[in-house]
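Written below as structure tokens is the structure these notes are about.
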Amino acid sequence: MKFIIDRFDGKKNYEQIYTLAKEDIEAKTLLGVLLLIKQTQDITLNFTASCRMAICGACAVRVNGHSYLACDTKMTELFEEYKNSDTFRISPLGNHRVISDLVVDWEPAIENLRKIKPGLVAKSEFSAKEGCQQNQEEFDRIIKQWDCILCGSCVSECNKFSADQSDYMEPFVFTQAWRLANDSRSKDPMIHVKPAVANGLWNCVHCHECTNRCPKHISAAEDIANLRVMAMKKGLNTGVGPAHAKAFHTDLVEGSGRLNEIRLALRIEGVATVARTGMAITLMRAGKMNPLEIFGGHTIKGHEDLVKMIDAAKAATKE
């Protein structure tokens, strides 16, 4: 079997090919393969690993363009996923600066993590003597987010981060913000929510790749949505993002039951929408947009049932 590893020596990028017999690796994990290559073929190969138990998150890499936790990925699973392939390309995590081979720079991510104040500020009712406890129901609200091991797989898969990192944070940072804000022991959830809003909470593009590739099956996309709801309930409801969310709700409940894209632009950007006239003309020519829908489209079948479902969801959230 052929393993093409993307390498970096501090000056140039290059790829190196290693060959291993299938029978020698089929009982190993991906990390086991990397260790075998380092021990038997190339001691200069650099990668990070520690616990080998899917706890520390240090060994995440990409295989054929997708993120995997190396110690938690069996080679038999990769054989099954990439059937009829005898070649695997192993690369460092995407959306990170590469330091050496499969080793990436975590400092920018840690700086973003600091922004959301990643430590619990407990309510005054707790003390060092009595402890800082919560019941099982309260813990269950955040138990999934506690599973995050900061492996960076979500960052590597994030399409928004690939496009522009200047106005966004790593998905796991928002997961940590939600865990802290939703903790029943927290003195002030907003000390975590406000910096999340200020650093791109509304810029998620909803591709859900962070969720799809998380080795711990955490939905960072859902955590982002929950942070948005909390932010709006606390009065942080101005700007393009909240206006977009409100427009969706208005069209679903008060409108026809489907998004009116012409009105959406006007609600969000107002007169600034004029700058998108060229795009609007292109869409109309392609039959993708009907200008008459600005007056409202036809109501979808079953709209009353949709409204009932939304009302029921709201009621359940309040309980």
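Placement of Cβ uses the backbone N, Cα and C atoms for every residue, glycine included.
Copied over from Swiss-Prot:
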- CYS51, CYS56, CYS59, CYS71: [2Fe-2S] cluster binding site (BINDING)
- CYS148, CYS151, CYS154, CYS158, CYS204, CYS207, CYS210, CYS214: [4Fe-4S] cluster binding site (BINDING)
- 1-96: domain '2Fe-2S ferredoxin-type' (DOMAIN)
- 139-168: domain '4Fe-4S ferredoxin-type 1' (DOMAIN)
- 193-224: domain '4Fe-4S ferredoxin-type 2' (DOMAIN)
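Overlay of Swiss-Prot annotations on the structure.
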| residue | record | CB count, 10 Å |
| --- | --- | --- |
| CYS51 | [2Fe-2S] cluster binding site | 12 |
| CYS56 | [2Fe-2S] cluster binding site | 16 |
| CYS59 | [2Fe-2S] cluster binding site | 24 |
| CYS71 | [2Fe-2S] cluster binding site | 24 |
| CYS148 | [4Fe-4S] cluster binding site | 20 |
| CYS151 | [4Fe-4S] cluster binding site | 25 |
| CYS154 | [4Fe-4S] cluster binding site | 32 |
| CYS204 | [4Fe-4S] cluster binding site | 22 |
| CYS207 | [4Fe-4S] cluster binding site | 14 |
| CYS214 | [4Fe-4S] cluster binding site | 24 |
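Most buried of the binding-site residues CYS158, CYS210, judged by other Cβ atoms within 10 Å, is CYS210.
Taking the Cα atom of each, CYS71 ([2Fe-2S] cluster binding site) and CYS207 ([4Fe-4S] cluster binding site) are about 26 angstrom apart. Note: the Cα of CYS56 ([2Fe-2S] cluster binding site) and the Cα of CYS151 ([4Fe-4S] cluster binding site) are spaced 7 Å from each other.
With DSSP classes pooled into helix, strand and coil, the tally for the domain '4Fe-4S ferredoxin-type 1' (139-168) is 15 helix, 0 strand, 15 coil.
Mean model confidence for the domain '4Fe-4S ferredoxin-type 2' (193-224) is a pLDDT of 98. In this structure, the C-alpha atom of CYS158 ([4Fe-4S] cluster binding site) lies 18 angstrom from that of CYS59 ([2Fe-2S] cluster binding site). Close to CYS59 ([2Fe-2S] cluster binding site), meaning Cα to Cα within 10 A, are the following binding-site residues out of CYS151, CYS204, CYS214: CYS151. In the three-state DSSP scheme, CYS204 ([4Fe-4S] cluster binding site) falls into the coil class. Here the Cα atom of CYS151 ([4Fe-4S] cluster binding site) is found 12 Å from that of CYS51 ([2Fe-2S] cluster binding site). In terms of DSSP secondary structure, the domain '2Fe-2S ferredoxin-type' (1-96) contains 25 helix, 29 strand, 42 coil. In the three-state DSSP assignment, the secondary structure recorded for CYS210 ([4Fe-4S] cluster binding site) is helix.
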